[in-house]
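Below is one structure, written out as structure tokens; comments come after it.
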Amino acid sequence: MSVTTSFGIWLNHINLDNQASFLYNNPHFCNRRFNRISMLRTVSLARNRLRSETPSSFLARDRLRSKTPSSSPFSSKRHTPKTSEIEEESTPKDSVLLNPKDPSSAPKLFLVQPRLAPPKYLQAKLNEALCLANSLEEQRYGYFESDFFDKELPSHVVVQNPVRRSSKPRVDTYFGSGTVDNIKCHLNAEDSKEEVDAVFVNAILTAIQQRNLERIWAKPVLDRVGLIIEIFNAHAHTKEAKLQAELAALMYNKSRLVRVRGTDGRHTFGQFGEAEVVSARGRAGSKGTGGGFVGGAGETELQLQRRRISDRRIRLLSQIKEAQRTRLLQRAGRKKRVGLEGESSGTIAVVGYTNAGKSTLISALTKTALYCNERLFATLDPTLKSAHLPSGNFVLLSDTVGFISDLPIQLVKAFQSTLEEVVEADLLLHVVDSTAPNIEEHRSTVLHVLNQIGVPEEKLQNMIEVWNKIDYEEDEVEEEKYLDDGEGVGEEDEDEADLKAEETVDASEATVDEDQIQNGDGDDADGWLLSEDENADDPEFWKVPEVAKVDAANKKGPDVRVSALTGVGLKELLYLIDDKMKEKKLKSPTIVERSELHKRKWRPPRNDDEEERLIPLDQR
């Protein structure tokens, strides 16, 4: 102990004694708020605190004050450290910085595509994943900074699919150790260019797999569902779309509340990723108390964040219900106007796979400038436009959100209020991209989602299937004429050779003992993550049900082939819609026109006895 520190402590003792004796001998200072007993207790506690503070305790206290507190998105702002204090602290090795390196531009993702067979199907899935990665961009001042086709393709790598090798992927990292190291080498090469903000794995990962991959790669990791939610948040413009996108994010993030290693937790990625926080043993354990409880309520951090997410979800559902009520009133008003002065013949919902050309087709049929974009999920709100039919009537065409494969039912339920326009429509128009190599999968996905939201079977049987983009299909046929007959020979053999090579690399560490992982005995094991809540990371929660098989006997082919850009087949489509609406009107003869209702005068119903009693006796 230095002389200066000892002298300071001794001087504080003298000042404290003088103040105590002065207050004790002058009762005028002991007013109604402070009596002598409370004053003596205060002096005694102050002395004990001063004696316990040695120079080492002063240094320890200074270190604690200079440390950055544990970050929590739901913590109060007054406990948030300043930016200068955060920059002074060195970033831990396990922490992940999820902020884009260039805030003015869209996040740049690195795509990891599991290998699929046959190669044509792999190419289709790879193209869809690249479009998803490039679609993650938010509009600035009402428009995107660059055209979709002018953007560079994201860096990507095709790796071994663990589902093909075994019936079950690894429970800790999804991929084998050799594949994980291979991806890390690619990331290190891309980091030299400083072009990667996050890693997009085109598969559905559990919370533990996502956390372990983030720690190994030192990069944020987004799976297929997480990226789709981010795109929903970026493309939502109206109030209802933003509410539904936030609801989908909350339902997804509630299952991602798992504990991370490190006192600082980790930053988040995206608009609503802040719901993912340090959980379970949380704040009380990080403060050195050794317990897993917060305050005196006995509530863990995991339970606290779940309760807050549930409360927010209830508020969102109430606001969405108000918007749903408004749509219900609008639909009721449209139905009342059906048949009045030939105003409308009904409503037609245009459904289909994402980026199938639904908005472009509606713009061509209605001769309006509807918003169209090549990005996936460009339309999130239903938009009504009127189209004139050859019979002289006109119908309302409703543009809806596009569907996509491997989408859990939880996300479909988040957009239930918007998809009610599809259920309540008089006729369905299914738009199919004729250039898609996996066109049967697109058709099956759309039919499966329609069954999930409760579309009646009668509407599905009466649905019109339109194959769009036939102009691109003709261009592809012309290009195939000039292809070399020997081109492509041996590609499958090369893929099989690469597959065997990757299996050889991962053979030593491909299989993982699940009991060892759950007990936390392995090096990369995170079984302790499941100790607090096993249901939160249950893969069955976000498991995508099998797509319903399409009955080929019901659909022999498309009802009509069109090109929304060139206008080919649009007239034939309008005639087909007119015939369908006439058939629907003939099948519903009990519908009474509104003009006749106004001419009637309501009278209470009478039975036969009352009618007989009202007839005069001489006329019976």
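Placement of Cβ uses the backbone N, Cα and C atoms for every residue, glycine included.
Residues or ranges marked as transit peptide by Swiss-Prot on the basis of sequence analysis: 1-65.
What Swiss-Prot lists as domain 'Hflx-type G' is 346-585.
What Swiss-Prot lists as GTP binding site is 352-359, 377-381, 399-402, 468-471, 563-565. In sequence order, F377, T379, L380, D381, P382, F415, T418, L419 are the residues near V401 (GTP binding site), counting only same-chain partners six or more apart with C-beta under 8 A. In the three-state DSSP assignment, the secondary structure recorded for V401 (GTP binding site) is coil.
As annotated by Swiss-Prot, compositional bias 'Acidic residues' applies to 478-497 (among others).
Swiss-Prot lists 511-521 (among others) with the feature compositional bias 'Acidic residues'.
With a 10 A radius on its CB, G352 (GTP binding site) counts 25 other CB atoms from all the protein chains. DSSP classifies S563 (GTP binding site) as strand under the three-state reduction. In sequence order, V350, V351, G352, T379, D399, T400, G402, V431 are the residues of the chain that are 6 or more apart from K358 (GTP binding site) and have a CB within less than 8 Å of its CB.
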